[in-house]
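To keep things clear, I will list the structure first and then write my remarks on it.
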């Protein structure tokens, strides 16, 4: 075959394969057999192997990949991917509708309703007709570039009949595919995924794209960014345009002329939620008229023109077979229920939380009882109570544990708390749970070291403390011989461990697992004290006077640094090169708004979350409410009550232009 013949044939094959992809993965109506599709794909692969210059990034062959990524690059979204506020009942919806009417001064509001897919949010960028970027939501401002994995999703077009587009949607797994994946994982001796959402999220973040290709991820697209600029006037019209561009759109969307029609839609789909073949956790309600969005505005985290109606948690009844305690990284004891398997919201549940000993004894829940179970937020199954009318005479009275289930140490209760604690500092489970937390994404962000790997390395006595992570190189020969490990996996793990040495102080403080110190508090402490030595030198009184640090947190921090074992561990971390100071990309800028407290209100050119991140990066704090301690109120249009309160308190009020002047002002 000559080059010209190959070129013509490859164009025909590309067009044909994309058409078949669309029929199969979007319309669910294939016109050819799998064998015919595979023959055409193999023919195109052969042509491109012969003439590599014919390979284009939108070729169907580029979906088939054996690429393994070292890590995913960060991607800054052109506009924030905001979360949605929630409604839980009819009254919440009426309140939402009344607010929209107040913002717009309209007597009736038209809406578009869509099913809320329980998956992982993504953003797709097309340039010159071709998919050039696929990114996860991340924190809403910055996500991860997972383009190579997005290309494995056959329902997502690689080329569209429009020069440019940014479109957002949800990656999900069907219940059928989820069950197949879990069956395969059980055969391979791996842990099962808890639910389809976790499976989809874990798959999309796989570094090995061949694994992604094997799992049949799917995607519904629903948000056309910059639709107004392209002449589209409504959300309903935007969805129709996305359909025309051959994106997979959830077919259940509907135009609703008013809030009563919205409620009717919700009532229709709530009983259908388990019959769809994929999981949903509510209904998304959006103002249909896109021209109203800027007038209605945004909060710091959510658009005011949309809301998510969350279905009430499904409650089922099943038999309680057993109760057993487990211990977490802080030593806190959680009681768990072993259940007769029952289906809740599309998944089989065999276990649920019973929280703490007081929860069980106050309700007199017994082994053998029929119990009510729900999934809290449709994620964590929990026992609510027992069914008194169905209690058997032989139901076994439960006794709370007195000793740790892992190390057999005597359990203790902390004054003022309902929980029991294992206080043994060398409890194996506390150590491994603590290591898992230390390595987690929001802490030191060490990749390639899972819960299973930590437990294996702990049993081999290679890993017993945080500082041991930085000495694993000495066990290279032994570790690469472990099952499911190897040279490449080891190198990736060591690289990530070494990278963690350069984290800023707030990550380390959160990773250490200091009681009551979450991400927000860790960031506040890091910015305030700059080094771990400065923080360790503080007493309870000095810490308590800091904004948002109360006496409980202060006491916990002081107690942590007073323990000799913790002092020794910090010294070892320092010896291994772990940085223990706070730093930003520019230290001078990071102090610009030091001791300044901002409140943000009204409609601005960007989301409140954008301005919050910006202020915090310059060392400032952002509060939700105006007080005498507020330094500046950053006010956009439609500022409302916060503006009135700021005026009464003589708080300095600035607009966006004045805020930019503050940023650029020389110190």
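Just so you know, glycine gets a Cβ as well, placed from its N, Cα and C.
Annotated features in Swiss-Prot:
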- 116: active site, N6-AMP-lysine intermediate (ACT_SITE)
- 34, 35, 36, 37, 38, 83, 84, 114, 137, 170, 286, 310: NAD(+) binding site (BINDING)
- 404, 407, 422, 427: Zn(2+) binding site (BINDING)
- 588-667: domain 'BRCT' (DOMAIN)
Neighbour tally for residue 422 (Zn(2+) binding site), based on other Cβ positions within 10 Å of its Cβ: 26
Same chain, 6+ residues apart, C-beta under 8 Å of the C-beta of residue 84 (NAD(+) binding site), given in sequence order: 284, 302, 303, 306, 307, 308
Proximal but sequence-remote residues of the same chain as residue 137 (NAD(+) binding site) (Cβ under 8 Å, at least 6 apart): 81, 120, 121, 122, 123, 143
Inter-residue Cα distance where the pair is residue 407 (Zn(2+) binding site) and residue 38 (NAD(+) binding site), in Å: 56
Binding-site residues: 404, 407, 427 - member with fewest neighbouring CB atoms within 10 Å: 407
Residue counts (helix, strand, coil, in that order) that DSSP gives for the domain 'BRCT' (588-667): 30 helix, 17 strand, 33 coil
Cβ neighbours of residue 38 (NAD(+) binding site) where a neighbour is any other Cβ within 10 Å: 11
Candidate nearest residue 422 (Zn(2+) binding site) in space, where candidates are the recorded positions 36, 116, 286 and distance is Cα-Cα: 116
Candidates 116, 404, 407, 427 (recorded positions) - the one closest to residue 286 (NAD(+) binding site) by CA: 116
Separation of alpha carbons, residue 116 (active site, N6-AMP-lysine intermediate) and residue 404 (Zn(2+) binding site) (Å): 41
Residue among binding-site residues 36, 407, 427 with Cα closest to the Cα of residue 116 (active site, N6-AMP-lysine intermediate): 36
Residue 36 (NAD(+) binding site) and residue 427 (Zn(2+) binding site), Cα-Cα, nearest whole angstrom: 59
Sorted by sequence, non-404, 407, 422, 427 residues with Cβ within 8 Å of centre, Zn(2+): 327, 331, 403, 405, 406, 408, 409, 423, 424, 428, 429, 430
Cβ packing number for residue 36 (NAD(+) binding site), 10 Å threshold: 13
Residue 407 (Zn(2+) binding site) versus residue 36 (NAD(+) binding site) - Cα distance in angstrom: 60
